[in-house]
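*Asks:* My structure is below; once you've seen it, I'll send some questions.
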Amino acid sequence: EAGEECDCGSPENPCCDAATCKLRPGAQCADGLCCDQCRFMKKGTVCRVAKGDWNDDTCTGQSADCPRNGLYG
């Protein structure tokens, strides 16, 4: 929603302040296939395995999202 940096549903989330819906100090992300321990995963980390001859999807190192490259099983 507007003004939110993260989903503030769970007070146990170490990356997101449940009271403000903002990332905690030092956190880059709170969830996503390319988010691990509140940090963006390294560029090239496989975040989704492809099906067949397509390439696996990999993290960009700049976002918690996993960009789609091909077909999946």
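From the backbone N, Cα and C atoms, a Cβ is placed for every residue, glycine too.
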*Asks:* Going by the disulfide annotation in Swiss-Prot, which one of C29, C34, C35 is bonded to C59?
*Replies:* C34
*Asks:* For C47, which disulfide partner does Swiss-Prot record out of C21, C29, C35, C66?
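*Replies:* Between C47 and the options C21, C29, C35, C66, Swiss-Prot records the bond with C66.
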*Asks:* Name the cysteine that pairs with C35 in a disulphide bond per Swiss-Prot, restricting the answer to C21, C29.
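*Replies:* Within the candidate set C21, C29, Swiss-Prot assigns the bond with C35 to C29.
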*Asks:* What does DSSP give as the helix, strand and coil breakdown of the domain 'Disintegrin' (1-73)?
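*Replies:* Breakdown, helix to coil: 0 helix, 13 strand, 60 coil.
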*Asks:* Quick one: which of these disulfide-bonded residues, C29, C38, C47, C66, have their CA within 10 A of C16 (disulfide bond)?
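*Replies:* Within 10 Å of C16 (disulfide bond): C29, C38.
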*Asks:* May I ask for the distance between C34 (disulfide bond) and C6 (disulfide bond), taken between their Cα atoms and rounded to an integer number of Å?
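*Replies:* C34 (disulfide bond) to C6 (disulfide bond), Cα-Cα distance: 14 Å.
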*Asks:* How many neighbouring Cβ atoms, not counting its own, are there within 10 Å of the Cβ of C16 (disulfide bond)?
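*Replies:* I get 25 for this one.
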